[in-house]
Amino acid sequence: MITAPDITISSAEHAALRRALEGAARFAGATSPNPPVGCVLLDEDGAVLAEGYHMKAGEAHAEAMAIASARTLGVSGRIHTVVVTLEPCNHHGRTPPCSDAILATPARRVIIGAADPNPSVKGGGAARLKAAGLDVVFIDDDPELRGQSVAARRLIAPFAKHARTGRPWVTVKQAVDETGGMAPPAGRKTFTSKSSLVFAHRLRRRADAILTGSGTVLADDPEFTVRHVPDFPGKRRFLALLDRRGRVPQRYLEAARARGFTVLNPAGLDEAIAMLGARGALEVLVEAGPSLTAAVLNAGLADEHVLITKGNPDHIAITHANPEFDAVKGPGEDQ
């Protein structure tokens with residue numbers, strides 16, 4: 001007699017998923033072209049045995065990292081439940097299938113935060129695990145976990161958009177003063193607080209590319225480097241510079257390359273987004289002046305709009321093209 005899988009998610013599994021989501025968010029921007037993923041392993045009583053996170057493309061996936069950690073700790077024989085933020089992969093890429101790694105353990109249950117959004121592989125990992133007799137539960141099966149379901153999908157939103165469309169997630173960062181103006185006082189490059197500056201550098205850290213215009217470069221001579229938070233070692237980014245009139249001096253471009261940027265000079269916004277997507281960028285951060293910022297917003301190209309308004313303290317408002325994401329924090333925005 002075949003028994004139906006238990007789709008009830010326990011408080012321990014709920015807590016493990018929250019832990020996996022928070023841990024994976026620390027690596028948002030480090031894993032491109034892969035998504036950030038977290039995995040927590042539980043025993044039959046719901047106690048945490050080990051955890052693992054995907055840290056860089058080409059390195060072990062979260063499930064493999066967690067299982068390896070459990071082996072090192074001598075607890076792999078007690079694995080009962082695998083809690084993972086994204087559906088385990090079932091294909092050979094730069095690393096072996098995570099479904100194989102799970103099936104090599106005594107796990108009997110898998111809790112999944114979000115389905116794989118890649119149309120060519122979606123559902124394959126879950127189907128493989130179900131066929132092997134494991135209980136497989138997606139958290140959106142439980143209406144009480146809607147918040148975590150949204151958080152799991154927001155975590156991988158740049159990867160999901162790129163997998164479906166070939167285009168990157170576009171985040172627009174805009175800082176304004178009390179009057180709505182974007183120009184800082186004479187002699188300064190910013191007018192926002194230290195905490196807002198740290199927040200802005202978190203956004204920059206998770207981005208694969210910066211999109212700006214010649215006006216911003218000529219006015220501010222910006223470095224676009226990550227300085228106020230630790231950057232990911234070895235992370236290289238694209239700098240897409242809209243400069244149709246060729247006003248930006250060669251010395252700036254050479255200095256940007258020396259800072260590790262791959263400099264691109266697209267003819268316009270649409271070409272910039274398409275060019276970055278074709279090069280594998282999952283997230284683009286727009287850091288530009290009023291005209292280019294307005295052009296991106298008015299063209300409907302922004303997936304996320306971060307508006308920082310000068311004040312005491314500054315006010316940060318974040319809105320998304322998909323309004324359900326407004327209820328959750330984006331990955332790395334508070335880390």
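Positions of Cβ are set from backbone N, Cα and C atoms, glycine also.
Because TrEMBL annotations are produced automatically, they should be read as predictions rather than curated entries.
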If TrEMBL gives Thr216, Asp220, Gly289, Pro290, Ser291, Leu292, Thr293, Ala294, Ala295 as binding NADP(+), which of Ala157, Ala160, Ala163, Ala175 does it give for that site as well? Ala175
Among Glu144, Glu271, Glu287, indicate the single residue that TrEMBL lists for the substrate site containing Arg204, Arg227. Glu287
Residue among His61, His80 sharing the Zn(2+) site, where TrEMBL lists Cys89, Cys98 as binders: His61
Rounded to the nearest angstrom, how far is the Cα of Glu287 (substrate binding site) from the Cα of Ala175 (NADP(+) binding site)? 10
CB neighbours within 10 A of Ala175 (NADP(+) binding site), counting all protein chains shown, number 22
For each of His61, Arg204, Arg227, count the other CB atoms within 10 A of its CB; which of these binding-site residues has the top count? His61
Within 10 angstroms of the C-beta of Pro290 (NADP(+) binding site), the count of other C-beta atoms across all shown chains comes to 15
